[in-house]
Amino acid sequence: MSAITRIIDKIGIVGTIVGSFSCAMCFPAAASLGAAIGLGFLSQWEGLFVQWLIPIFASVALLATLAGWFSHRQWQRTLLGSIGPVLALVGVFGLTHHFLDKDLARVIFYTGLVVMFLVSIWDMVNPANRRCATDGCETPAPRS
């Protein structure tokens with residue numbers, strides 16, 4: 001994964017998590033953590049964060065993960081990196097558009113945040129390396 005893609009991925013993840021810190025009505029556990037670290041002033045922009053910023057940052061993280069696949073060609077890493085942003089998007093849209101129960105939407109959103117955070121830590125500890133050439137993978141000769 002290139003340095004630009006990794007930076008954009010981290011920006012998307014941090015933006016989604018910090019955005020959830022401002023939403024006391026939607027995500028009380030994240031908002032209480034945000035208030036504890038001094039981000040309580042963000043609550044005045046709760047509507048902006050829930051309607052726009054969280055979906056934008058989660059989409060940025062998802063697109064950066066999908067773009068990273070073109071450089072490392074590891075479908076397992078791409079799949080794990082995509083689960084978190086997709087869950088966060090389903091949770092936030094389920095809450096704002098009322099197609100999910102409020103408690104279920106929160107659980108899905110929090111699960112997405114945790115998965116995004118854990119995959120981000122994993123990516124920092126064990127960065128992706130290219131497994132295949134861009135034109136395809138060579139298969140080993142069969143053993144006789």
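Heads up, the Cβ atoms here are built off N, Cα and C, so glycines get one too.
On a predicted model such as this, the values are computed, not experimentally measured, just so you know.
What Swiss-Prot says about this protein:
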| type | residues | note |
| --- | --- | --- |
| BINDING | Cys23, Cys26 | Hg(2+) binding site |
| TOPO_DOM | 1-21 | topological domain 'Cytoplasmic' |
| TOPO_DOM | 43-46 | topological domain 'Periplasmic' |
| TOPO_DOM | 68-78 | topological domain 'Cytoplasmic' |
| TOPO_DOM | 100-103 | topological domain 'Periplasmic' |
| TOPO_DOM | 125-144 | topological domain 'Cytoplasmic' |
| TRANSMEM | 22-42 | transmembrane segment |
| TRANSMEM | 47-67 | transmembrane segment |
| TRANSMEM | 79-99 | transmembrane segment |
| TRANSMEM | 104-124 | transmembrane segment |
Enter the number of other CB atoms within 10 angstroms of the CB of Cys26 (Hg(2+) binding site). 22
Mind looking up the mean pLDDT for the topological domain 'Periplasmic' (100-103) in the predicted model? 91
For the topological domain 'Cytoplasmic' (1-21), could you work out the same-chain residues 6 or more beyond its ends whose Cβ comes under 8 Å from its Cβ atoms? 27, 30-31, 33-35, 37, 39, 42, 49-50, 53-54, 56-65, 67-68, 71-72, 81, 84-85, 88, 109, 113, 116-117, 120, 123, 127-128
Where else in the chain does the topological domain 'Periplasmic' (100-103) make close Cβ contacts, counting only residues six or more beyond its ends and a cut-off under 8 Å? 90-91, 94
List every residue in the same chain as Cys23 (Hg(2+) binding site), at least 6 positions away in sequence, whose Cβ is under 8 Å from its Cβ. Ala30, Ala31, Ser43, Glu46, Phe49, Val50, Ile54
